[in-house]
Ligand code: NAD
Ligand code: MG
């Protein structure tokens, strides 16, 4: 039996890489549904290639455009644009696995819907877990869903940890998340204010979406990943460490009580963790080139510079603060990054917006998706106001 897959965010960097892996194994996987925000042309191509039952667009106008073009091309794909359409395709009874590859908090509701329906959930959308926190993990457990990390660091840690998660607490000394350090690892901190969106979106090893590219450049991506690791592996924040490794060959490591360290290595290609998540515990070809050890230059490691990357430490700070603080941090960062990409905020002030929003928004109860979305909205409003004060 083929596994039926829903890809949330199919037109993005992770979405297209997922379809690349799926296309290599037509005997094992078929696409049940695809979703995108506004990219009608790419969605049309994906529909022609994968013939899903459903395609979801974020607005009625884009849904109408897609429906018209599908009709012109004689393709029988049902287009949905209802507010809960993402939840529908994430929880549909016929779906086996859901790839969560939407960027930002917008992906939380459909990921929770997949979890509630007990699906196999492949999670790239780290913001969903940073916003959802304990509620997200409780939902996964309560409904018997299988959560498989796609973020390369978390996929690495997942592969290095013992199978029996009840042993992690006693056996593991710490998780070592590796970080590339992004394009400004060696840049003079005094010149950070001059960085343009184009410079920030040019990552040394990967082509990624614009939001995560900026997050990699500020290292807020690693801050979000520390929070992601805390929830995925139920690890105390002080047992999660970050080390810079510019070559991105070692994707992360687990250090055990006896000082032994296990690492997962591979070429920096997101199809590796995607293939791992799709097939786990089996292994399938990902299409990524093999690591050629004869050609590898040195693998180097260094400490992250807190002056250059002040945002990194907000993760531990937010994890020690009342629940919901990570939701506030994520919302602030989404607003600050959007303002930077819009050229309304300078690069070095992304951190100022994050810090001030954390200081001025007190999280209330976070017992439901509605609570979380209300807190997210409140934090966004506050972050907008702060970003406007810091505007160029
Ligand atoms: P991207 O910007 O390339 O793609 C985002 C996708 O989500 C697109 O299909 C877009 O249409 C859709 N989308 C955006 N906003 C939406 C909204 N409001 N409602 C519905 N759909 C929406 O992003 P990406 O680089 O593929 O990253 C996706 C997620 O995976 C992010 O959470 C990112 O942190 C994570 N991730 C990405 C990489 C990578 O290499 N790109 C690596 C690890 C983790
Ligand atoms: Mg990552």
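Quick reminder: no glycine exception, Cβ is built from N, Cα and C everywhere.
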Have a look through 165, 166, 180, 259 and flag the one TrEMBL assigns to the 1-deoxy-D-xylulose 5-phosphate site that 126, 152, 153, 203, 216, 221, 222, 225 belong to.
180
TrEMBL has 11, 12, 13, 14, 125, 127 binding NADPH. Which one of 182, 209, 266, 277 is in the same site?
209
Name, in the order they occur in the sequence, the residues of the same chain whose CB lies under 8 A from the CB of residue 12 (NADPH binding site) and which sit 6 or more residues away.
36, 101, 102, 103, 209
State the Cα to Cα distance, in Å, between residue 11 (NADPH binding site) and residue 221 (1-deoxy-D-xylulose 5-phosphate binding site), rounded to an integer.
21
Using C-alpha atoms, which one of the binding-site residues 13, 14, 125, 127, 151 comes nearest to residue 203 (1-deoxy-D-xylulose 5-phosphate binding site)?
13
Please check each of the binding-site residues 11, 12, 125, 127, 151 and report the ones with a CB atom less than 6 Å from an atom of ligand 2, ordered along the sequence.
151
Quick one: average pLDDT across the domain '1-deoxy-D-xylulose 5-phosphate reductoisomerase N-terminal' (5-133), no decimals.
97
Would you list, in sequence order, the binding-site residues among 13, 127, 151 whose CA lies within 10 Å of the CA of residue 225 (1-deoxy-D-xylulose 5-phosphate binding site)?
127, 151
In Å, rounded, how far does the Cα of residue 13 (NADPH binding site) sit from the Cα of residue 151 (Mn(2+) binding site)?
12
